[in-house]
């Protein structure tokens, strides 16, 4: 593990792409980027660290005490001593009123006090460093860094540590992607979404503490088997639709659903990873062009406004690829792929069953408003007949969405 740790600590020498898929947008997407904060100024790096604003609370209390003491030491006491009612009513009452709110405040809300202490303790615990982990074998390599199997020394918890190099992120100008991944993925809680436990950074690297998916990427499984059967495809589509439904309820659009960004947990359950291209859109409308070429919908290629329906299109492309072994609009050139997508030109081989053809055809509509909702996808007869998710996953999915 020491050798792997040295490799993790050493600076970037070569950038190796995570996958060799030919149909990618020129902008690199395998690893999201980091805040535009990093090497240029040391102060800006503090953006990635946990907030330290809670440390200022006691300083405010000290200011109240410092204001009260000079009031008590004013030379008004001798004249007030002669007149008994004045010193008794005003100065003591003011000091008592000012001193009393401080002790009772925490006493009146003990639960809030305990909760704030717990949050402070958690924030301190989340100030991770590389020395807190034992670094194991590499799990994957990408253009901006690597992913390693790791173990937290104190708890012995197994996780995945994604190491990204700041210099390469800044050179590519994709720092905003890392900010998206941290801001979005850290707040998502769903059994079919990969957890982001925390993050930290040093002078040259950014580290993401991620949930470990022991069965690897769906893309590798698809390469081994060439294609999936109906049951496995329908099960994956069900789990993916549940996860996307949760994301959309949080006003999060993923925009880059593809086999490389889907991992498998210990029980074989599907987990969405890599939220670098995702976006939390209060307006739910985006015009930027991003995502993997084969999965881009017509509205994004044509530069039109788009919403969460882009994920429905990707779901149809993914269902087709699972059953056939390749995307429906795959072509020899980018120009031909763009043309096929904009015209929605694709054909079904004989191996695709009729029920799956109906679902895919409904999802791959040029007009986004004509695509079914995720609820309608889950209620599709072919999905119901072939999907075999575990009862445990169903309970977790419904509890997370409620």
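Glycine is no exception: its Cβ is also placed from the backbone N, Cα and C atoms.
Keep in mind the model is a prediction, meaning the values are calculated, not measured.
Among the features that Swiss-Prot reports, region 'Disordered' is placed at 1-126. The feature compositional bias 'Polar residues' is assigned by Swiss-Prot to 30-75, 91-100. Positions annotated as phosphoserine by Swiss-Prot: 41, 342. The domain 'Protein kinase' annotation in Swiss-Prot covers 133-383 and rests on sequence analysis. The ATP binding site annotation in Swiss-Prot covers 143, 162, 210, 211, 212, 213, 260, 261, 274. Taken from Swiss-Prot, the feature active site, proton acceptor applies to 256. Residues annotated as SUMO2 cross-link in Swiss-Prot: 258. Positions annotated as region 'Activation segment' by Swiss-Prot, on the basis of similarity to another entry: 280-293. Annotated phosphothreonine per Swiss-Prot: 287, 288, in sequence order, evidence recorded as similarity to another entry.
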- Return the maximum Cα to Cα distance in Å (whole number) over the record's ATP-binding residues: 143, 162, 210, 211, 212, 213, 260, 261, 274. 21
- Query: Restricting the comparison to the recorded positions 143, 210, 212, 274, 342, which residue's C-alpha is spatially nearest the C-alpha of the residue listed as 'active site, proton acceptor'?
  - Reply: 274
- Tell me, by DSSP, whether residue 210 (ATP binding site) is helix, strand or coil? strand
- Item | Among 143, 210, 274, which are recorded as binding-site residues, the nearest neighbour of residue 342 (phosphoserine) by Cα | 274
- residue 274 (ATP binding site) has its Cβ surrounded, within 10 angstroms, by a count of other Cβ atoms equal to 26
- Among the binding-site residues listed here, 210, 212, whose Cβ has the fewest other Cβ atoms inside 10 Å? 212
- Message: I want to verify one value. Collapsing DSSP to three states, which class is residue 256 (active site, proton acceptor)?
- Response: coil
- Task: Quick one: pull the CA-CA distance for residue 274 (ATP binding site) versus residue 258 (SUMO2 cross-link), whole Å only.
- Result: 10
- Query: Within 10 angstroms of the C-beta of residue 342 (phosphoserine), what count of other C-beta atoms is obtained when all protein chains are considered?
  - Reply: 16
- Note on the structure: On average, residues of the domain 'Protein kinase' (133-383) score a pLDDT of 88
- Densest Cβ environment (other Cβ within 10 Å) across the recorded positions 256, 260 belongs to 256
- Note on the structure: Counting other C-beta atoms within 10 angstroms, the emptiest spot among the recorded positions 143, 258 is 143
- Secondary-structure category, per DSSP, in which residue 143 (ATP binding site) falls: coil
